[in-house]
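**Q** What TrEMBL shows for this protein is this:
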- 8-99: domain 'DEP' (DOMAIN)
- 147-356: domain 'Rho-GAP' (DOMAIN)
Amino acid sequence: WNEVTTSFRAGMPLRKHRQHFKKYGNCFTAGEAVDWLYDLLRNNSNFGPEVTRQQTIQLLRKFLKNHVIEDIKGKWGSENLDDNSQLFSNPFSFPPIPQENAGKMNCEIINEDQENSVNNREISQEDVEEVWKYVILTYLQTILGVSSLEEVINPKQVIPQYVMYNMTNTSKHGIVILQDKSDDLPHWVLSAMKCLANWPRSNDLNNPTYVGFERDVFRTIADYFLHLPEPLLTFEYYELFVNILGLLQPHLERVAIDALQLCCLLLPPPNRRKLQLLMRMISRMSQNVDMPRLHDTMGTRSLIKNPGEELIAPLPTYSYCKQISTQEFDEQKVSTSQAAISELLENIIKNKSLPLKEKRKKLKQVRE
């Protein structure tokens, strides 16, 4: 999607068109867009010559739906596009301003070369980055089904270079490949993770020679990730992920997954790579029936979700809950809620990095 939309914005020819006795600059007809995009898709390795013209039209309809293009009146959000002479424009190009026909033909001829030079201007790196930023924000808004992302994310948090790198520098498995190896996981952590992910077929280490070897390896990996100076999702994007989860209903699991996956593209490439490798190891360990027990009283699937102190102190063998009275429950409900609100207020007030305006906004939210 990103590759095609970027190519379309950068390469789709824009010119003057007449419609209903008016002249519009910097636009194209739906038929021209179909011709150009059809040729692009047929010569793209990700699509190929089997792409049909009807599929191309369907893709252009998605462009209009997601504001990659708009009609000459600035309308978008529908899929009202057919292979005809209807006029459309690129939202990032100069707007298709109607021009008077009568009495100005000479001036238009004189300015033709100037307009052509503007239309054919070279696409800068800033233009490309702006497109990436616009597309990912539009796509996130579409997934969440909200009218605005104001309460979800500040557009300034989107760093296009991160997104571009995360999308284009990957292995065949989709794992980010870092150019600067100093930002990668230490070699001993990678070896330990590969050992557990491929258990018992490890590429780097021989089979263990003592009982409890797997536990020691897992404890080493967990210790590394638990003592990172910052979470892999970063402090900056923590509120973003919380906001997304807060917007969604519990039954909208697919929507949540799509939104969170998209937001993970915003992470710095080293963080995204570490998170990908960690999740890949966890997935393989969870499905490996040959993996020895890593805990005396807890299964592997439960353990990798809650490493914490359980790595050192075994959990008790019972799993039932102690029933309390209604009065005790009501008392705990009030006291716990009050304590949590007090702690939240104190954290907001003492946060020196939070602007005063933002503090007032958050305090207002707490009051509401």
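Every residue, even glycine, has its Cβ placed from backbone N, Cα and C.
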**Q** How many helix, strand and coil residues does the domain 'DEP' (8-99) contain under DSSP?
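**A** Once the DSSP states are binned, the domain 'DEP' (8-99) shows 30 helix, 20 strand, 42 coil.
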**Q** Grab the pLDDT values for the domain 'DEP' (8-99) and give me their mean, rounded.
**A** 85
